[in-house]
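J.: I have a structure I would like to understand better, so I am pasting it below and will then ask my questions one at a time.
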Amino acid sequence: MNSVDLIEKSKRYLWLPFTQMKDYDENPLIIESGEGIKLKDINGKEYYDGFSSLWLNVHGHRKKELDNAIKEQLGKIAHSTLLGMTNVPATELAEKLIKITPEGLTRVFYSDSGAEAVEIAIKMSFQYWQNLGRANKRKFVTMTNGYHGDTIGAISVGSIDLFHQVYGSLMFETYKVPFPYVYRHPSGDPVQTRDESLAQLESLLKDHHEEIAAVIMESMMQGAGGMILMPDGFLSGIRELCTKYNVLLILDEVATGFGRTGKMFACEHEGVTPDLMTVGKGITGGYLPIAVTFTTEEIYQAFYDHYENMKTFFHGHSYTGNQLGCAVALANLDLFQKEDIVNQVKRKSVYLEQLLSELKSLSHVGDIRQLGFMVGIELVKDKTTKEPFPFEARTGYHVTLKLRELGMLTRPLGDVIVFMPPLASTEQELKEMVHLLKKAIVLVTEKEEEPVEYEVGRR
Ligand SMILES: *Cc1c(COP(=O)(O)O)cnc(C)c1O
């Protein structure tokens, strides 16, 4: 089929996630293939995968070892259920995962996406207290500006107004603790410090711990909320408070897990072990949808009993523990070891920091936040006052469109430009990508400081 026909069909039949389809109709894009850290569209134009195909990709595309792992597994079986039985790669992968996760996490519960892993963590921690006869403990504490996926449970513990507000009456209520957004508090409040935030959590737990099941939060860096790095000592402070008040800690490592931040899991930066931990995204190297909820043995044991005692965890999905996904996840973990990915990221992220520091002097770059290969560049209208660009200007969006033109793909979070290159990116590739970032930011934000054309009503 020729590319004009394909574009026409994509506009006629598809509805894309997190996409205003009017935008898509104006700027359609169809990817046909990928090689290394580049993607190619149906017209043959190449792009750097500057956001790891939405924060997933680790070793680049068409990695031989990963391709072969899937082919080999296909020669045996594609899928059988995990309900009441298991399969070979799901079992082997569980052992390998437990060996690399923080000590204390001993059990693997599979699902297919980060949001599901979060739903499972919510239901598990909720039922855990019921199974222990502590049925009052049924509330959750979350961070403002947090993101945990898009299903109803996951948005209930999330807190990004732009995405979540419209569903208000569908969600369950949570306690929200202000997240220490050091550059700018999201609501425009005065800057919240680490200690203020921890003090608010402590006073909440002091008064309400008898009715709180768990604290759920992202680990070290809030992702979709705008790439916001936690101050040192924040996560370990939270861990201490959860332990002190007998509340479970659920850490969402869906974005930060598997080397993204320069540690295998981001909580290692603070030496923290959560009671439950969710992972997804990088677990299969960005190949297939596998996610995991990890728990401690203590939580597992609270569900282990005679069937009649009604403590079973009644939750599962059709494709839980899929063999193809688990096989490629195993090959992914082998590559982590063979190619020393985590240390490589740690090393290359020092170089990346140098590259990014060149962007700091640009007149509309307000803040650059980085942990390993997880980067957010916050664009502002006025650097001194931190005044944002007007919402309607869609500055972040226009920068990413310009980037696309220049040969790199990413998605903005408002006016925060996300840079999440595949972990295997070389120093040369990082340099080229940061060069494109700089060029696009300059071209869009410094074009003679005239009012931006909003393109309202254009077709
Ligand atoms: C992406 C993400 C999720 C959701 O994962 P999906 O696989 O898209 O459902 C959950 N939590 C965090 C922190 C994420 O970044």
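Cβ atoms are placed via backbone N, Cα and C, with glycine included.
All annotation found in TrEMBL is predicted automatically rather than curated by experts.
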J.: Pick from Asp41, Asp195, Asp252: which one does TrEMBL list with Gly114, Ala115, His317, Ser318 for the same pyridoxal 5'-phosphate site?
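T.: Between Asp41, Asp195, Asp252, TrEMBL records just one in the pyridoxal 5'-phosphate site with Gly114, Ala115, His317, Ser318, namely Asp252.
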J.: If you check the binding-site residues Gly316, Ser318, Arg411 one by one, which have a CB less than 6 Å away from any atom of ligand 1?
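T.: Checking each Cβ against ligand 1, none of them comes under 6 Å.
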J.: Output, ordered by sequence, the same-chain residues six or more apart from Ser318 (pyridoxal 5'-phosphate binding site) with a CB under 8 Å from its CB, or 'none'.
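T.: Long-range Cβ contacts: Thr81.
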J.: Nearest to Gly114 (pyridoxal 5'-phosphate binding site) by Cα, among Tyr147, Lys281, Gly316, Arg411 (binding-site residues)?
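T.: Nearest listed residue in space: Lys281.
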J.: Give the sequence-ordered list of residues that share a chain with Gly316 (substrate binding site), lie 6 or more positions from it, and have CB atoms under 8 Å from its CB.
T.: Leu82, Leu83
J.: Taking the Cβ of Arg411 (substrate binding site) as the centre, count every other Cβ atom within 10 Å, in any protein chain shown.
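T.: Other Cβ atoms found within 10 Å: 17.
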J.: Taking Gly114, Ala115, Asp252, His317, Ser318 as the record's pyridoxal 5'-phosphate-binding set, what's the max Cα pairwise distance in Å, rounded to a whole number?
T.: 23
J.: To see if you understand the setup: which same-chain residues, six or more apart in sequence, place their Cβ under 8 Å from that of Asp252 (pyridoxal 5'-phosphate binding site)?
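T.: Those within reach of Asp252 (pyridoxal 5'-phosphate binding site), by Cβ under 8 Å and sequence separation of 6 or more, are Gly114, Val118, Ala121, His148, Ile216, Met217, Glu218, Ser219, Met277, Thr278.
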